[in-house]
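**Student:** What TrEMBL lists as compositional bias 'Basic residues' is 1-15. The region 'Disordered' annotation in TrEMBL covers 1-51, 461-498. As annotated by TrEMBL, compositional bias 'Polar residues' applies to 17-51. As annotated by TrEMBL, domain 'SAM-dependent MTase RsmB/NOP-type' applies to 78-537. The annotation S-adenosyl-L-methionine binding site is assigned in TrEMBL to CYS196, ALA197, ALA198, PRO199, GLY200, SER201, LYS202, ASP228, ASP293. According to TrEMBL, the feature active site, nucleophile maps to CYS386.
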Amino acid sequence: MGGRGRSRTQRKHFAQSRENNWKYTKNDPEQQQNATADNNSNRENSNPSWKPFVTQNIAFEEYYKEQGIVPPEEWNTFMDCLRSELPAAFRINSSSQCYLEIQAKLENDFMKSLQEEGTDGSEVVAIRPLPWYPENLAWQSTFSRKQLRKNNILERFHEFLKLQNEIGNITRQEAVSMVPPLFLDVRPDDIILDMCAAPGSKTFQLLEMIHHSAEPGSLPGGMVLANDVDVQRCNLLIHQTKRMSTANLIVTNHEAQHFPSCHLNRTYGEGSEPQEVKELDIDQLLFDRVLCDVPCSGDGTLRKAPDIWRRWNAGMGNGLHGLQVQIAMRAAYDYSRQVTFEFVLKDELVDSKLPGCLVPIDMTYDTIIEGLSLLKVGGRMVYSTCSMNPIENEAVVAEILRRCGGSVELIDVSSELPQLVRRPGLKKWKVQDKGMWLNSYNEAHDSRRAAVVPGMFPSGKGYVDAPQHGDDARSSQLPDHGSNGHSQNGVGMVQDPATPTTILDEEASTLPLERCMRIVPHDQNSGAFFIAVFHKLSPLPVTQKKHCYQPGKTTSTGNFQAQSLPKVKDINADEVEQVDSVGNQLSEVTMGDADILENGNDEATLDTDPSKIVEGKRPELIKPSSDGKAGPELVTGSRKLQMRGRWRGIDPILFYHEEAAVGQIKAFYGIKESFPFKGHLIVRNTDIDHVKRVYYVSKSVKEVLELNFLAGEQLKIAAVGLKMFERQKDVSTECVFRITSEGVPLLLPHITKQIVYASPVDFKLLLQYKSIKFGDFVDAEFREKASKLQFGCCAVILNKDNKTLSEPQVDASTIAIGCWRGRNSITVMVIALDIQELLERMLTYSEEDSDSLLLENKPLIAA
């Protein structure tokens with residue numbers, strides 16, 4: 001019965017390659033005949049179904065030729081570069097303990113070896129540092145998969161990159177994607193907001209910057225708040241940043257254009273005397289730096305996402321213009337209708353349905369609360385896209401400057417990063433709608449003035465009530481086409497969609513848009529990117545505008561018929577209210593307060609109740625818990641309930657104040673009083689008695705969490721803090737919480753107990769075999785000290801020079817691992833990837849005789 005299947009047909013029975021009906025269409029006999037005629041030697045080249053991507057799009061070429069993105073003499077070079085493969089790039093984590101070792105290995109090992117050996121018989125610069133990135137921390141590789149298979153050095157280099165990327169010592173990231181954080185001018189104490197953070201490469205870069213100069217065992221004063229609208233992309237963001245092992249990060253899940261202000265009033269309440277709340281150092285969540293890397297059409301990523309070639313059309317950029325302005329301003333718009341379309345979200349190609357972002361009504365009828373109020377006065381904001389379209393770039397920047405007046409300026413950063421080749425922003429561009437070129441908003445057809453808004457044009461001017469030249473003629477010329485000039489059924493096409501109209505003179509912006517930066521691919525063999533840097537000079541003035549209209553009803557000018565036109569309150573300079581002011585001077589209106597907007601009150605009013613700042617109901621009063629336990633209490637009338645988390649599907653965040661457990665941890669590990677421990681521990685479990693993980697947060701994150709609690713949990717926090725302790729099950733020890741591998745580097749300089757130093761030989765044995773009995777250690781002194789440790793978690797530190805150490809000494813080069821002291825052995829509590837990386841680093845510190853020992857005893861770890 002069982003047998004070994006000797007009579008079954010096997011691969012060796014076929015002299016020629018077998019036909020694969022999954023690869024070829026059955027209705028194409030010519031392809032099938034050609035495929036079966038080829039033998040195994042050339043089957044890789046005989047597969048007609050694996051066709052390369054189509055790298056041509058007539059509408060794309062016509063559009064960007066008309067916009068003048070590059071001079072005509074550079075057009076062919078520009079297009080050839082777009083059709084070529086994008087070099088891979090990666091960045092060394094400057095806050096990593098071994099970043100200098102990685103840098104030296106790249107320069108002295110891989111780079112020199114490849115230069116000496118050459119690739120494919122000739123010298124090829126396979127890897128090199130990016131000249132414009134500071135301190136040679138960013139590198140670029142240009143070798144192909146074919147070269148990788150043939151060259152042993154490249155193969156070893158590739159495996160090295162994969163390991164270091166998994167651990168977090170390097171981050172793979174497109175070269176131009178590294179540029180925007182560099183212009184933020186980040187300092188260690190900055191509070192930073194990354195509004196559209198996923199997948200997390202720029203967030204990781206920001207964290208590197210604030211941690212770069214931090215001493216071992218200390219945390220910077222700043223923090224990064226990374227936000228993304230999509231839950232799944234938030235999970236990817238958390239996975240990426242987890243490699244950083246930082247206590248200075250909060251990950252939130254909000255629409256960027258509706259990001260909560262998290263404002264706190266000192267006293268508030270209804271029906272009783274005002275109640276005092278806990279005194280905090282901050283009243284409102286404001287940021288020193290804001291990175292606004294908005295969703296875009298993504299045509300700057302054509303080299304790594306060639307599928308965009310066949311899908312690109314001018315409507316993609318037009319449709320995203322309103323959303324990009326919203327995010328940059330952090331406004332609260334309503335939309336007249338919903339449209340579904342495909343778009344590229346930052347650096348990744350995705351197919352998505354984004355409701356309500358394509359066709360905003362005339363922006364002058366929206367309730368605008370300037371989102372730059374999230375930025376502190378004197379702060380800096382970087383706006384960036386991976387698109388080349390001026391509608392998504394210069395038009396958005398111009399609209400921001402017009403709305404903010406003199407409160408915000410566009411910075412000239414041409415002197416920064418001098419080796420980065422960039423081009424100035426455009427001052428002239430046109431809008432293409434339904435295959436027609438428009439020089440100004442006046443040229444837009446009446447039926448299209450809901451989709452084409454004044455802010456898309458260089459001047460930003462709206463409809464001019466003057467005799468229109470050829471409206472009827474233009475209406476008759478307007479074809480029923482899609483946004484890319486093709487008809488809806490895909491047959492007809494505009495004869496010359498690139499021919500501009502000549503009804504009015506071409507507009508030019510008077511704003512200093514030349515201070516923007518456009519990176520084009522053929523300048524430095526990269527992708528395309530757009531960057532603009534803003535500096536906030538003063539608080540933004542209040543502009544209260546009405547939002548009320550009847551959907552579908554338009555005036556003769558094409559605008560929606562409003563029930564009442566907006567009015568702006570006239571106030572003197574001495575009476576100006578600022579949207580950035582803390583305390584009782586913040587005036588905000590949200591979508592949840594539509595009744596306020598429709599009651600005919602045109603005056604800008606102050607909303608002192610923080611419950612109306614974001615959507616949903618809020619408690620009337622929030623005060624600290626009376627029982628002293630984690631989390632404040634909510635008081636609504638006579639009822640009290642412990643706050644357990646407002647957001648559905650999100651674990652609550654509670655400060656861990658259990659004195660018995662915290663005191664047990666401090667006593668067991670001998671944590672110094674100088675370490676900021678109390679009030680910095682949080683948990684994500686409402687069952688305080690059965691907490692599994694305890695997280696540590698920095699001072700800046702702690703203040704934000706306290707503010708968020710007292711403001712009614714306005715932030716939907718998906719992840720926060722550094723996992724420092726984890727409960728061990730079914731063990732009889734004085735402390736059931738062990739130190740995690742992520743928490744060891746931060747906590748190590750501050751513990752005085754459960755520490756032991758190991759010689760290089762014994763340290764290597766631990767890494768190789770993971771669990772070693774006391775009698776099997778080589779060093780007798782280490783064996784004795786390890787056996788005297790208390791039963792439970794301990795830290796084993798590598799004594800590289802075999803020195804006699806009376807007291808623990810920890811510096812930037814210290815290598816330590818978390819272990820468990822059992823009854824008769826020491827067991828390593830580190831994941832396999834970290835063990836593999838530590839073993840490779842041990843080669844640097846090992847003696848010649850121990851190198852041979854490592855080769856003879858292969859590590860017992862997973863690949």
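Just so you know, glycine gets a Cβ as well, placed from its N, Cα and C.
Curation does not apply to TrEMBL; its annotations are automatic.
The shown structure was predicted, so the numbers you read here are calculated from the model rather than taken from an experiment.
Would you situate these features in the structure and describe their surroundings?
**Tutor:** Counting every protein chain shown, the number of other Cβ atoms lying within 10 Å of the Cβ of CYS196 (S-adenosyl-L-methionine binding site) is 23.
Look at CYS386 (active site, nucleophile): DSSP puts it in coil.
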**Student:** In the predicted model, what is the mean pLDDT computed over the domain 'SAM-dependent MTase RsmB/NOP-type' (78-537)?
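**Tutor:** For the domain 'SAM-dependent MTase RsmB/NOP-type' (78-537), the model's average pLDDT rounds to 79.
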**Student:** In the structure shown, which of the recorded positions ALA198, CYS386 has the fewest other Cβ atoms within 10 Å?
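**Tutor:** Ranked by other Cβ atoms within 10 Å, the recorded positions ALA198, CYS386 bottom out at ALA198.
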**Student:** Quick one: largest C-alpha distance among CYS196, ALA197, ALA198, PRO199, GLY200, SER201, LYS202, ASP228, ASP293, binding S-adenosyl-L-methionine per the record, in angstrom?
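**Tutor:** Across CYS196, ALA197, ALA198, PRO199, GLY200, SER201, LYS202, ASP228, ASP293, the widest Cα separation comes out at 13 Å.
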**Student:** Taking DSSP as the reference, which of helix, strand or coil describes LYS202 (S-adenosyl-L-methionine binding site)?
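**Tutor:** Going by the DSSP assignment, LYS202 (S-adenosyl-L-methionine binding site) falls within a helical segment, counted as helix.
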**Student:** Would you count the other C-beta atoms found within 10 angstroms of the C-beta of GLY200 (S-adenosyl-L-methionine binding site) for me?
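**Tutor:** So the number of other Cβ atoms within 10 Å of GLY200 (S-adenosyl-L-methionine binding site) is 26.
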**Student:** What binding-site residues among CYS196, ALA198, GLY200, LYS202, ASP293 are found with a C-alpha within 10 angstroms of that of CYS386 (active site, nucleophile)?
**Tutor:** ASP293
**Student:** Under a three-state reduction of DSSP output, how is ASP293 (S-adenosyl-L-methionine binding site) classified: helix, strand, or coil?
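**Tutor:** Note: ASP293 (S-adenosyl-L-methionine binding site) is in a strand by DSSP.
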**Student:** Helix, strand or coil: which one is CYS196 (S-adenosyl-L-methionine binding site) in, per DSSP?
**Tutor:** coil
